[in-house]
Amino acid sequence: LAAVSVDCSEYPKPACTIEYRPLCGSDNKTYDNKCNFCNAVVESNGTLTLSHFGKC
């Protein structure tokens, strides 16, 4: 089983679009898109990871 991951190297960003492409974080929270998810990853100092694509 391949690990799912997202490249967050260009984050954090000051503003995210309203694009809806949900991702489920390891905190069992659904993030609206990659930008919102990656900003949360940066804020968590890398402790937050991607559980899977789609809603939790």
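Cβ coordinates are placed from backbone N, Cα and C, and glycine is handled just like the others.
Secondary structure at C38 (disulfide bond), as computed by DSSP, is helix. Contacts of C38 (disulfide bond) defined by a Cβ separation under 8 A and a same-chain sequence distance of 6+ are given as V6, C8, Y11, P12, K13, in order along the sequence. Residues or ranges marked as disulfide bond in Swiss-Prot: C8-C38 (among others).
Under 8 Å, Cβ to Cβ, and six or more positions away along its own chain, C35 (disulfide bond) finds Y11, K13, C16, T17, E19. The disulfide bond feature in Swiss-Prot is assigned to C16-C35 (among others).
Here Swiss-Prot flags C24-C56 (among others) as disulfide bond. Its Cβ placed at the centre, C24 (disulfide bond) has 18 other Cβ atoms within 10 Å.
Shown for the domain 'Kazal-like' (6-56): DSSP residue counts in helix, strand and coil, namely 10 helix, 9 strand, 32 coil. The domain 'Kazal-like' annotation in Swiss-Prot covers 6-56.
The N-linked glycosylation site annotation in Swiss-Prot covers N45. In sequence order, no residues are near N45 (N-linked glycosylation site), counting only same-chain partners six or more apart with C-beta under 8 A.
Long-range C-beta contacts of C56 (disulfide bond), restricted to its own chain and to partners at least six residues apart, with a cutoff below 8 Å, comprise C24, G25, N28, K29, T30.
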